[in-house]
Amino acid sequence: MQRQLANMKQSLFDQGYLDEQFIQLEELQDDTNPNFVEEVVTLYYRDSVRLIQNIENALDKNPLDFAKLDSHMHQFKGSSSSIGARKVKIECTQFREYCRAGNGEGCKRTFQQVKKEYATLKKKLEAYFQFARQAGPVEKACRPK
Amino acid sequence: MDPMSISTSSASWKSGDGVSDQFPAGLRVLVVDDDPTCLRILEKMLRNCLYEVTKCSRAEVALKLLRDNKDGFDVVISDVHMPDMDGFKLLEHIGLEMDLPVIMMSADDSKNVVMKGVTHGACDYLIKPVRMEALKNIWQHVVRKKKHEWKDKDYEQSGSVEDGERQQKPSEDVDYSSSANEGNWKSSKKRKDEEDEGDERDDTSTLKKPRVVWSVELHQQFVTAVNQLGIDKAVPKKILELMNVPGLTRENVASHLQKYRLYLKRLSGQHHNGLGNSFMGPTDPTFGPMSSLNGLELQALTSTGQLPPQSLATIQAAALGRVANNKSAVSVPLVDQRNIFSFESPKIRFVEGQQQHNNNKQVNLLHGIPTNMDSKQLAALHQSAQSFGNINMPIHSQSTQSNSVMGQMVQPQSRAQILNEINGSHALNIPSSVGQPVFSQAIPSAVLGRNGIDNVRVQTHASVSQPSALVDFSRSQRAEFPGNNTFSKGSGGFIPNYDVFSDLNQNRTDDWGLQSVGSAFDAPQHSNLQGRLDVAPSVLVQPGFSSDQRRGHVRTPSGNKVAFSAADGLGNNTNLGQQIKAEDMGFQNGLFPDQFGQDDLMSALLKPQQEGLVPVESDFGFDGYHLDNLPV
């Protein structure tokens, strides 16, 4: 089971869903905070709802306020990068490019991608944590850092 | 762990006496970030470094924490983009008030933003996502800052400055570390002028943190040198050579230059976009503290009674707009009321300028304007100051105080000293943006109401319009200076707040002659003014008020508010806004050092302000003198 867990994690990295930052989070996990990574990821998914909503709202406006869009996305991107959400971050960067170029359509399109990656990662991480919990504490101790 | 422990567990190393064995464990960090995910991660990382972490998601709350717990933190880490307050504004505030090392962080790694961080005095800039390794080393900034302060102090000491006061000033009067400023002021005065201006405070003897005190004269020399070289070409080495001041090091000049540029940048704020980041000198963490002085300084000045009532009256009158006759010189000082924080220092300077009699150096407040101002200008200022004094009278409950405040302001050095003491050197840095004479009208009343400090503001305002001479300087200067407000550090001369008033005055640019003055302030306080430079003129005025405060008059804090708002209004520039806010707060503190918990005032002020003052500008009513509002 532990091996399965390790494989799950490895594939997340291999597929580019997660990056180095996620490892940083794992390194922070210790006995005093044994569920630190999950805690942070949960916090992220909870808080990012409003960030995404901000962007949605801004995208509904007409005309588009690119500065505001960029600012909102900057926030969201920062948050996403802090948990190591690599693909999400990439899409965010693309979004900001479109913002700077004043390309409304590009922004809207890219935002769909952002949301897609965001949702995909969420599912994968949920599965991962669930599995981790099942694998039990022993597994944690063995988890390679 | 106890996140909120503001204990002094790390005090030992903090004092710079030496590093405790545990160092850097126990380093007290305040981390500010609106993103809860990042905040949580940072907190954990910092805890893993064995630091004592306090986390905060709002800038205002962070400021309150800092103010409530002076010396409770060693370093602050703040995000750049926050909804309630711009990270740079927070940076300025902290610099002005507390002189703590501040590390900025952001996911934005574009050069401009990083540059902005540097120019605003950040000790470091981290790119998010932040890694553990980056956090592990933050303690170096704390040590470096302290070390730097010590080093500067040594220099000063050699100059037989008596600064002692500078650092020591008890914070009772001032919530923030204005004490340092005050001391600085005083000492600088002493050192530089060797006159007896009446430095009441001369008691400081234990300089905890040696710093070069940028007295009005010194600042004036500095500004002259910078002008001669041209702001773009002004390198510390050349400036040092031109100044030809024994005992002054290139580092001193460099850090002062940095502040000055920031200051100018602030003043020009909207005018110049690309100013300044070229500050040269090493990033001087002390940059911030300067501004805080302003408010305090005034108070100090006021309280000390240094300022002759008439000068105060003059200033007030000037501020009110009477200045028209006066001569612009006055305007400069007034401006700063607002910047309470940083202005205070400049104010003092300004006042000094006013007071011709005290020292001719006083004029130095304007010192930034050396080119433009000459003694007669100072005289004009003086006059303005005088008029202000009158104005102030009504506003201040302590009418006498007002006058005295004004008088104080006018008084050369002594005032500054007082203010310094009180404020801890808000670094009256005169905001380069001085161009905001705006407050001349409105401010005076409003300002006056506040605590005398208000008056100062008002005056500045008025004076702003007047002193074209001064302004000229600033104007031209502004363009040149990137607006580094490093200058504010102690330069008192800058009246950062003044910018806020700019709305009121058109002259803004002109008045800012004070800028130079601000520089003078720079020395003592480093913390303040970085941003404050804007209001140079008012700053000067303020000192008078500070003194007032000292007297123990309880000025209604509301006054500060007024000023504060005014500041906001003026604060066209974001800087200003911030400054003003900060200044107000600072001012408040300075004003009521004994009585009010500045924090309270500040908090109060902060609340409305949240964002920075933007709206205030016109709303504030500088236009209309909000005297009524001022409870005085």
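Every residue gets a Cβ built from N, Cα and C, even glycine.
The model shown is predicted, which means the values in this text are computed figures rather than measured ones.
Annotation source TrEMBL lists compositional bias 'Basic and acidic residues' at B:163-172.
Residues or ranges marked as compositional bias 'Polar residues' by TrEMBL: B:176-185.
Counting residues of the domain 'Response regulatory' (B:28-143) by DSSP class, helix then strand then coil, yields 53 helix, 24 strand, 39 coil. The feature domain 'Response regulatory' is assigned by TrEMBL to B:28-143.
The annotation domain 'HTH myb-type' is assigned in TrEMBL to B:208-265. Using DSSP to sort the residues of the domain 'HTH myb-type' (B:208-265) gives these counts of helix, strand and coil: 38 helix, 0 strand, 20 coil.
Marked as 4-aspartylphosphate by TrEMBL: B:Asp79. Residue density at B:Asp79 (4-aspartylphosphate): 25 other Cβ atoms are found within 10 A of its Cβ, drawing on all protein chains shown.
Under the heading region 'Disordered', TrEMBL lists B:150-206.
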Can you give me the average pLDDT across the domain 'Response regulatory' (B:28-143), rounded to a whole number?
89
